[in-house]
Every structure is written in C-alpha cells, then in structure tokens.
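Working notes, beginning with the structure itself.
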Amino acid sequence: MAVKKDRLRRTMMFIPGNNPSMMCDPHIYGPDSIMFDLEDSVKLAEKDAARFLVYHALRTIDFGEVEKVVRVNPLDTPFGRADIEAMVKAGADIIRLPKAETAQDVMAVDRVITEFEEKYGIEKGSVGIMAAIESGLGIINAYAIATASPRLVGMAIGAEDFVTDLKTSRSPEGTELFTARSMLLFAARAAGIAALDTVYSDVNNEEGFRKEVELIKQLGFDGKSVINPRQIAPVIEIFTPTSAEIDFAERVLEAIKEAEEKGLGVISLNGKMVDKPVVDRALRTLKLAGVAGGYRRS
Ligand SMILES: CC(C)(COP(=O)(O)OP(=O)(O)OC[C@H]1O[C@@H](n2cnc3c(N)ncnc32)[C@H](O)[C@@H]1OP(=O)(O)O)[C@@H](O)C(=O)NCCC(=O)NCCSC(=O)C[C@@](O)(CC(=O)O)C(=O)O
Ligand SMILES: [Mg+2]
C-alpha cells in the first residue's frame, strides 16, 4: 500500500527512544501520530540501545490505528543508516528526517529506504518521509525539499534548533518564527503535503500553549509536534470545528447544491458570496468534524 498522504496529523507526539515506560502505551492518549525519537533526546552513548528498544517496541506492541513515526539521526552521522534499516524492517510508517537542509538530504533518505524495503520484502514506496526544517538554509530550500521525493507526506519546523541557528531565542508571540512558519507552509501547500508546527517546550504553561495552537491553526498548519500527553487534548479541541462552523458549512453545501440546480457557480448566503473556495473550506470543516466525532461549543 502506498504511503497515506492525506490522513489527519493534528498531533504528532515525541517519545524519547530510550524511555521504555513512555513507549508502552502512548497511543492511549489519542495522538494522531506517535514519534519515537532516536535523535536529540537520546545521548550518544545510548544511540544503539535506543534503536534496539524502538525496533522491539514497533515489532511487539499493538499501537492500534495511530501512525508510527520514527525520528532518525541524519545520514551524515554514524547512526543514520542503521536507524533507517531497523525502522523500515520494524514496520515504521514514516521516517522523520531532522535538520533537512537540501533536496539531496531527502533524496538520500529516499534511496536508503528503497534499499531496505527491497531487502526486507516491504512494498516499494510504502514508507513515508517527513522532513523537519530547523535552519535558515532549510527554510530557503523549503520548496525544493518539499518536492524532493514522492514519499514525502509533510514538513515540520523544529523551532528550538531553528532559533539557535538564527542566533535568537523563542518569544511568546513567535515573532522570530513568523517568516519561517509562513515559508514552510507555502512550500508544503505548493507541494500538496502536510505542514506541522514545532514543539512547545513549557509543558506547564497551558495558556501559552493554547495561544500558540490558535496562531498556527490560523496560519494554516495541519497540526503540531507535541512532547507531552497533556498537550494533545488542547490541539484536538482547537482543531475541532465549533457547532456554528459546522452549521455554516452545512448551509454552504445546501446553498451550492441549490445554485448548481439553477445552473449558477456562485450564490449568496446571508449576504455573503458562496463559491468554490468557500465550498472547499466547508468540506474540510465537515471532514475535521467527522474525524473528531463531533464539534466543540462555539
Ligand atoms: C516534557 C517532559 C519532560 C515533561 O515531563 P513530566 O514529568 O512533567 O510529564 P507528566 O505530564 O507528569 O507525565 C504524565 C504521564 O505521561 C507520561 N508521558 C509524559 N511525556 C510523555 C511522552 N512524550 N510520551 C509518552 N508518555 C509521556 C509520563 O511517563 C507519565 O506517565 P505515568 O507515570 O504513567 O503517569 C516529558 O513529557 C518528556 O520527556 N517529553 C518528551 C520530550 C522529548 O521527546 N523531547 C525531544 C523532542 S523535542 C526536540 O528535539 C526539539 C526539536 O527538534 C523539535 C522539533 O523538531 O519539532 C526542535 O528543534 O524544536
Ligand atoms: Mg531539533
């Protein structure tokens, strides 16, 4: 089966690859994707042990319908190739490449995945890639990265490394991230893949977290990387349409059906124009509501 590009990825939860207790049941918290980390949350001395642990977790634990992502070490480290081999063999759905800076970085990962799909008899093209951009160079090359491989399901921004590369730090308003978030989003949309926002490290600051989620939803992101189960419910809530939004979407679809019956492409609903983009947004609202199993109060 080819890699699933259009599934919902509102929350992608990091799990350090050297922490067996967090690894046993992360799916019970309801993330759309779980992401085992072999990169920056694992120190050098534990890289091989973490790979072994994540391999066995993927082979032996039933994570249900949740998407299984593994953040591997880059290929220019001594661990990258072995990480990809083990994770492809173990049945990971997606390989997340950190610190992607060029299209060549993604193409190299694509080639290694292809080699191990063949070696282990896994259907060619079934393992996806998510590229994380964490530097100025990566942002400058965002569109080339986004179109570098048919395996790409999405791109993510890694703000902690990104602001370090920029020689600044993160502010509550995210001023320093605004341009990068927008450029990544444009590249992802132009390539037809998902755009994921970065982690929010202050896990006890729920108000600040909610503000950031509202911001990235308004910018157009599909979801966010998270680091703690407590961050899942607020993202899902904010990405779930309100009852008023659902009601409006249903009225839009009724109005456009009526317009089509009259041979019109545009119609007015309570004084507002309804045309194809409005209909597309209404369909997306209903899709999000369907997946969320309902709506939130307006
Ligand atoms: C933040 C904290 C220490 C808080 O600890 P706390 O102790 O306050 O947690 P509590 O809430 O009390 O936990 C309650 C219960 O949930 C369990 N539980 C907690 N977290 C869980 C989890 N993640 N998965 C499953 N289970 C979990 C826990 O075991 C307990 O279970 P139990 O004992 O059974 O009740 C902890 O969450 C944690 O370590 N998070 C992962 C951190 C991580 O992965 N960092 C690396 C990725 S970022 C990066 O690299 C930067 C980046 O690259 C990013 C980019 O690219 O986007 C860039 O550049 O920006
Ligand atoms: Mg990082």
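Every residue number used here counts from 1 along the chain in the order it is shown.
Placement of Cβ uses the backbone N, Cα and C atoms for every residue, glycine included.
Annotations in TrEMBL come from automatic prediction, not curation.
Over in TrEMBL, the protein carries these features:
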- Arg71, Glu134: substrate binding site (BINDING)
- Glu134, Asp161: Mg(2+) binding site (BINDING)
- 10-229: domain 'HpcH/HpaI aldolase/citrate lyase' (DOMAIN)
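This view paints the features noted in TrEMBL onto the structure.
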residue	record	DSSP class
Arg71	substrate binding site	strand
Glu134	substrate binding site	coil
Asp161	Mg(2+) binding site	helix
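Within the same chain, residues at least six positions away from Glu134 (substrate binding site) with a Cβ under 8 Å of its Cβ are Pro98, Lys99, Ala100, Ile157, Gly158, Ala159, Glu160, Asp161, Phe162, Asp165. Within the set of binding-site residues Arg71, Glu134, Asp161, Glu134, Asp161 have a CB atom less than 6 Å from some atom of ligand 2. Taken as a whole, the domain 'HpcH/HpaI aldolase/citrate lyase' (10-229) shows an average pLDDT of 98 in this prediction. Long-range Cβ contacts of Arg71 (substrate binding site) within its own chain (separation 6+, distance under 8 Å): Phe14, Met35, Phe36, Asp37, Leu38, Glu39, Arg96, Pro98, Ala132.
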